[in-house]
Amino acid sequence: MAVKKFRSFDDFVPTISDSEEDVPDLDASDDEMEKKPVKSSKTKNKSKKKAKQQQGSHLDEDVHEDLNPEFQFSIDSGEVTTNFAGWDFQGDEKSDEVEKKDVDLDGIIRRKGGLIMMAATGSDAEESLSEESEEEPEEGDEPGESDDEDELALDGFGMGVKRKATEENEEDEEDEEEEDDDEDDDKKTEMSQADLGKGKDEDEDIEEDTKEEMAEFYAPEEESADAKKIVHKTFNSLSLSRPVLKGLGSLGYTSPSPIQSAAIPIALLGKDIIAGAVTGSGKTAAFMIPIIERLLYKPAHIASTRVVVLTPTRELAIQVADVGKNIGKFVNGLTFGLAVGGLNLRQQEQALKTRPDIVIATPGRFIDHLRNSASFSVDSVEILVIDEADRMLEEGFQEELQEIMSLIPSKRQTLLFSATMNSKIKQLISLSLKKPVRIMIDPPKQAADKLTQEFIRIRKRDHLKPALLYQLIRKLDNTSQKRIVVFVARKETAHKLRIVLGLLGMQVGELHGSLTQEQRLQSVNNFKSLQVPVLICTDLASRGLDIPKIEVVINFDMPKTYEIYLHRVGRTARAGREGRSVTFVGESSQDRSIVRSAIRSVEENAESGKALSRNVDWTQVEQVNSLIGAKGDVVEEIIEEEKQEKEILRAEMELRKGENMLKHKEEISARPRRTWFQSEAEKKNSKMLQVLAKNKKPINSKKRKQQEALAENPRLYKKTQKDRVEYQERQYSKKQAAYGKKGKKGKK
């Protein structure tokens, strides 16, 4: 049949792929030609509608079968992305296991009447009128400032600074406005001024590294000075390869930041670096770009881990991994591994077995994998990066960091980066640095240039802080279109504030250590996508996290140090954008010293933003506080209901765990026991030492010098028992003599 059909065409030459069905039958009538495609479409796709089948011709069907209707031609080269949405916080890929269920706190709040609509405290007209009448700008204000912001009166926070005559007049006006404060409050302010003066002397008395020590430890200053002088306007002048430039272009990076311009050439030379720059200046890319550039010349077909990046928090590690993947996505064969706590351990083991080129990790999970994961080693590590190095050198990470240093090859390049890099040489010696180049782009302990720092004096109104927070968020963002981060000191405070604000109708997320890693990542992603415009978190989120377009940072509780304050406010005003921070300031000397440091930094640097005092309508705040007080019983009910649901989930988890132990007993018992570099007793001791170190008062330079002298030159003569007895007798005779003098005075 096929041969007969092909013979009817004079010019047609059949091939092996041709079939009888593909050849059109020209002898058939037009009716038959119209019916055939309808029949074939019914047999192939029964789900198609009859109207589409009758309208579609044979040519249209061929087009739909051969081309994907969702295919689109890309006119752009794909190298530049202007609308970069930020880094990915998804972590590991989802496993096949059933996800753990969490308590639906928002559902409980809705059942109790929250998250329905915003609580109203008065009309917008009344609010605007009260704000305009109460928050008038003073004489010294700049014309560009808003009505509710005043130039920060330094004496108001205990600052003994010389002021002009006009400023003295302003101070008198402020005193008249604050006549309602009692004398005790004024006395407390004077006491805090004295405390601040003392604190200032102690800060100045802190011993710094001498010039001789710095010259011996660091590389010559000429190297860092030359690196700062050379300004690279584009990444092309840094002599980077095309795959790296293409990756930077896909992220929208056009010109390097000052820290990138200074650090990348030195890092490409293989030298050790200690670098510091303000938050949001691109420090992650400053070490990732030279690392990826050097890995382009790695030996082919030899899988080994050559780079280790250590970070203090899990979220920061996930973000650094995403930065590296985006920069190196056009580099062939470049692999990344993630080793952080809270995520699937088995998945991480499988990924590390492939020996990825770059491993980003937190210290604890990294040591766990080194000791217990097969086929993972760090014998070939060439580069070690410690991000947020000042935090990693503190008490909580010292022992883990020493263990990692003992396992990683000493012949390596070490890169240290942080926004507050003020670690002493004595701390850095343990890292085995080899003449590191010190690159400090900005003055130490400085905030971003376009950051406006605002301060609110709480005085004796600590109980009004939740109401003040609600009123402030409503005023700053009435449409829930801004991202606002609220920092608190305790996890319990973050959780309770979420419930209180939820009952007032505000959608709020929380981020702290009591949440599981899945919950933490979900909170960050919801905040990033503006599903939740307000994120209440502890200092867990104060370092490194780069979420685009965070407009406002609110310090509900004051941090312990000025360095932590800088990291907190550094979540906004990143990468040249404008930002605002609002801080609730108490009457303690610690709070005032942090404010004083912030103001001093603004005064010393002309381009370092503004420091303003924000006035508050406390009558409206008290109205909100009355609403919160009325919902006090509901808050306790929500906490109790959540606790009960958590207990049920925990019982279900224990039940599943017991079933698995019975079902897979042999397999579980056959697994090797996981080990750690510390015993249980050593773990407890280290935790106790950490707690004592946090509560320990800082010693002055005189005592520190005495302790260092004793440590370096211990006593050559050891006391005997006879010496101790004689010493006790002398002390006893002194006490008796002193007691006798007191007795004689009493008789007189």
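Placement of Cβ uses the backbone N, Cα and C atoms for every residue, glycine included.
Swiss-Prot assigns the feature motif 'Q motif' to one of the listed ranges (88-116, 233-261, 581-609), namely 233-261.
Which of 387-390, 619-622, 623-626, 655-658 counts as motif 'DEAD box' depends on Swiss-Prot, and there it is 387-390.
If one looks beyond the compositional bias 'Basic and acidic residues' (720-732) by at least 6 residues along the same chain, no residue has a Cβ coming under 8 Å of a Cβ in the stretch. Residue counts for the motif 'DEAD box' (387-390) by DSSP state, with H, G and I taken as helix and E and B as strand, are 2 helix, 1 strand, 1 coil. Taking H, G and I as helix, E and B as strand and the rest as coil, DSSP gives the compositional bias 'Basic and acidic residues' (720-732) the counts 12 helix, 0 strand, 1 coil.
Secondary structure of the motif 'Q motif' (233-261) per DSSP (helix as H, G, I; strand as E, B; remaining residues coil): 17 helix, 0 strand, 12 coil. In the three-state DSSP reading, V278 (ATP binding site) counts as coil. Close to the recorded ATP site, the chain also has S257, I259, A286, A419, R574: residues not among A277, V278, T279, G280, S281, G282, K283, T284 whose Cβ is within 8 Å of the site's Cβ mean position. The average pLDDT computed for the motif 'DEAD box' (387-390) is 90. Close to V278 (ATP binding site) in the fold, though at least 6 residues off in sequence, lie A419, I441, D442, Q446, A447, A448, D449, G570, each with a CB less than 8 Å from its CB.
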